[in-house]
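This report refers to the structure that appears directly beneath it.
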Amino acid sequence: ILQHWDVFKYVTEVFILVPALLGLKGNLEMTLASRLSTAANIGQMDTPKELWRMITGNMALIQVQATVVGFLASIAAVVFGWIPDGHFSLDHAVLLCASSVATAFIASLVLGMIMIGVIIGSRKMGINPDNVATPIAASLGDLITLALLSGISWGLYKELESKAYVNPLVCAFFIALLPIWIIVAKRNAATREVLYSGWEPVIIAMAISSVGGLILDRTVSDPNFAGMAVFTPVINGVGGNLVAVQASRISTYLHMSGMPGESPETAPRKCPSPCSTFFSSDVNSRSARVLFLLVVPGHLVFLYTISSMQGGHTTLTLIFIVFYMTAALLQVLILLYIADWMVHWMWGRDLDPDNFSIPYLTALGDLIGTGLLALSFHILWLIGDRDSDVGD
């Protein structure tokens with residue numbers, strides 16, 4: 001529905017922001033969920049004082065990261081939009097900046113509070129937060145972020161004609177709040193380290209997601225492939241959810257045996273074989289098999305929902321479903337294998353996987369998912385599976 005709004009038609013760079021900002025919640029909220037889940041599981045949130053310290057420090061930290069990365073994502077969108085066409089509009093650049101920073105800030109605030117509630121509730125009910133917190137962060141993150149981005153960008157686009165000063169003011173307001181969040185995050189020992197060292201994965205992940213956004217922008221802008229828009233958040237969301245659960249579980253498993261750098265005997269020192277990742281008797285291998293088996297039933301539910309709601313512009317033929325499922329299975333297979341290697345590799349390099357692995361994995365999920373989906377649509381077009389309702 002949103003791809004037909006004026007702001008998406010006339011400022012197509014907003015499409016580039018979609019995977020970058022949807023990925024941002026993976027980079028921030030899912031990392032927050034993984035960090036707090038580990039803290040809860042190893043007893044660092046048992047007293048009210050410890051709990052309050054963890055909450056305030058982590059909330060301030062994700063506001064800093066959201067504002068900075070939202071600003072950088074808008075710059076990436078402007079650059080990626082300008083390179084192919086050679087056309088630059090200052091009004092559109094400021095609109096992208098204001099939309100991106102405001103969306104990132106508000107989404108992080110709302111989702112951060114939800115995450116804290118979910119993790120505290122899970123602990124009280126005796127449920128492992130690793131299994132629930134990251135998927136809830138991912139799914140709610142997609143919905144809230146997309147709604148906020150479209151609503152804010154549409155509102156600011158309307159203001160461009162009569163009140164051009166509104167967009168720069170919105171940018172300035174959120175950037176002016178940065179020093180407050182930095183001071184609060186620095187006061188907490190648990191978040192001070194991430195405030196200094198946690199930028200590299202978040203910024204690199206944003207850049208990777210932006211490349212996925214460029215693929216989405218180029219593909220959806222072609223009327224023949226408009227149907228791709230409805231499936232992109234689904235394939236990226238499912239892949240990101242599943243790999244985040246796996247990364248969070250492996251990280252907690254390693255934390256229970258020591259501190260980063262103290263590799264237990266079970267941690268592979270180099271690339272594991274696919275057999276050890278998926279077919280061994282190890283607890284993490286079993287969870288990888290379960291998560292992989294969730295892909296087909298999960299996507300079938302989503303495809304049926306999209307079809308019954310008459311969403312998008314693609315007829316769900318058998319050949320389309322086969323290509324779509326192949327892309328989804330391949331995406332999750334690659335991500336689960338990379339997660340097994342990456343989490344153990346980071347642990348062996350004295351890096352906390354809770355802070356570093358999930359941003360890379362969800363961004364790779366966005367890039368691989370969008371790339372495979374675009375490839376599937378192009379192959380389907382070439383072999384003659386062309387829709388009569390495209391562009392209706």
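Easy rule for this one: first residue shown is 1, then count along the chain.
Heads up, the Cβ atoms here are built off N, Cα and C, so glycines get one too.
As written in TrEMBL, here are the features:
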DOMAIN    18-152  domain 'SLC41A/MgtE integral membrane'
TRANSMEM  59-81  transmembrane segment
TRANSMEM  93-120  transmembrane segment
TRANSMEM  132-152  transmembrane segment
TRANSMEM  164-184  transmembrane segment
TRANSMEM  196-216  transmembrane segment
DOMAIN    232-375  domain 'SLC41A/MgtE integral membrane'
TRANSMEM  288-306  transmembrane segment
TRANSMEM  318-338  transmembrane segment
TRANSMEM  358-383  transmembrane segment
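Here the transmembrane segment (164-184) has Cβ contacts under 8 Å with residues 56-57, 60-61, 63-64, 67-68, 70-71, 91, 94-95, 97-98, 101-102, 105, 156, 195 of the same chain, all six or more residues outside its ends. When each of 132-152, 196-216, 318-338, 358-383 is checked for Cβ pairs under 8 Å to the transmembrane segment (59-81), 196-216 comes out on top. Beyond the transmembrane segment (93-120), the same-chain residues lying 6 or more positions past its ends with a Cβ under 8 Å from any Cβ of the stretch are 11, 13-14, 17, 20-21, 24-25, 28-29, 32-33, 36-37, 40, 45, 51, 55, 58-59, 62-63, 65-67, 69-71, 73-75, 77-78, 129, 132-133, 136-137, 140-141, 144-145, 148-149, 152-153, 156-157, 160, 166-168, 170-171, 174-175, 177.
Count of Cβ pairs under 8 Å against the transmembrane segment (318-338): among 132-152, 196-216, 288-306, 358-383, the largest is for 358-383.
Helix, strand and coil residue tallies for the domain 'SLC41A/MgtE integral membrane' (18-152), in that order: 122 helix, 0 strand, 13 coil [DSSP]. With DSSP classes pooled into helix, strand and coil, the tally for the domain 'SLC41A/MgtE integral membrane' (232-375) is 108 helix, 0 strand, 36 coil.
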